[in-house]
Amino acid sequence: MNQEIISHINKYYRQVNIEIVLVNVFTWKTGNKIKITKNSTATLYAFTNYLKKEILKRGVKLDNLQLLTAFKFEGDLAGKAHRTTICNIKRSVSINNYNPEDFNHVLLSTAHEMAHNFGLRHDSDNCMCSRKDVCVMYPYIANEIPTEWSDCSIREFRKLFQSEETDCLLDVPVKAKQLSSLCGNGLVEEGEQCDCPTTIDNKQTACSRCCNNCTLRTGAECGSGICCDFNTCKVFKQKKRCRIARSSECDIEEYCDGKSEFCPRDAIVHDGNKCRGGFCYSGRCTTNDQQCKSLWGNDARAANQECYNNNVYGDESGNCGFDVRSKQYIKCREEDKRCGLLQCHTDVVKKIDYPKDYYTTTPARRAVFANRRWSICQTLVVEFEPNEMTSISVPNGNECGDDKMCVEGRCVHRRDILNKNKCRNDCRGLCSNDGVCCYDGTQGIDCSGNISVTSNTKNDQTASNPINNRESTVTSKTNNYEHSSTPATLKTHKSNFLMKPVHSHNRNKKS
């Protein structure tokens, strides 16, 4: 049943190049592990705390957690979710009402609430999908079961994939480690040679030319993967590009290796390499200017460097984090002050308003006198829970001194970062974070030999998708819990970006 749910949900998410992978199931056989009530908000927060205090402490790797419960919420509510938390593992959760007699609506609700975790909003009256009057993100569940995302949702997914907020989902497994094999879910599992995904309308996909019932057809060398030529059923011998770079300076394009039907694992430029405005870190080149604009709007910019002197004070307008045990802000060391609380300048203060039951924000403004004039230092601290403060800090990779960069709130010398998994001394090409040279589609000692790149749109698995994403597929690994209650999880790493409000899904009325 668990695999069947995920298989059906994937029929929605494959439309936008996302693959949901079930990685764990927990069954509450002796009673609920949290207090489940008609109050959906209270239940959502109880489940969020369960994730932090129980699941994460067990070392479970996930991106998202879904609860399925037979308990009915107030107002016939179908589900509720934190929005835009897919890469903030401490809050990437949803709750859903589970009615085995209404299985299609359970599938829809789970897909809908998970989409809120990704950051999607409800469809407005102007949003449309091609086949039916209602789409997946319709504000309430109608009798008609939607089969598609609206044009509005597709635009939101596209925008999301262009940001850093889904980077945690890029660790695509070559072969999924599933609890049990399920032919037709698009994942090559134990006992399968290939697996063609089923679609909402059960149409055959290109890989069915090479794969039948999860077994390779006679003479076929491959039957799955973006590096499989579905015209010949052979692995692409030439170096076909299978994953584009999400950053022109700090990410690396991947090419089929001529041996495997799957794209090699995602590689990035080695941390510490110079990029415009700073240094590469985790495949990104993020500057203080960019971070300030994401918080306060396009008119904002990085504040005067004098503002970072505030970070040695250890208060809401200058710090290097928050100590949960002592309930005190942490004072930055003098050498780390440029890697502490992000200091921005904005003439127009944008109000950052979130539901009071979710979290509160504490913007602070302090003026400093530098270069014969006063400068504004605008900062932001977020209180996710009572007395649990999170400072919006300078992004990793930002320059903090002569050949130095910020890493997790510390100002470190760039050579210390470059010396980790360093490339060989004669490498003159693009060095990856795992120490591999010539990761840019070239070859030879000096990386000067070009490798031909083939691009066959007819065979490219991403060509028919409404989102031509930087990945052939973005994979969300999912754990699933159950009792009268069942949770499900996706694998994620922490995001540096703010989370958005709670969203709910009502069967009868708009929320």
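Start at 1 and count along the chain as shown; that gives each residue its number.
Just so it is clear, glycine is given a Cβ too, placed from its N, Cα and C backbone atoms.
Here is what TrEMBL says about this protein:
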DOMAIN    1-173  domain 'Peptidase M12B'
BINDING   H112, H116, H122  Zn(2+) binding site
ACT_SITE  E113  active site
DOMAIN    180-271  domain 'Disintegrin'
REGION    455-488  region 'Disordered'
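H122 (Zn(2+) binding site) sits 10 Å from the residue listed as 'active site', counting Cα to Cα. In this structure, H122 is the one among the binding-site residues H112, H116, H122 with the smallest number of other Cβ atoms inside 10 Å of its Cβ. In the predicted model, the domain 'Disintegrin' (180-271) shows an average pLDDT of 84. The DSSP breakdown of the domain 'Disintegrin' (180-271), given as helix, strand and coil counts, is 4 helix, 16 strand, 72 coil.
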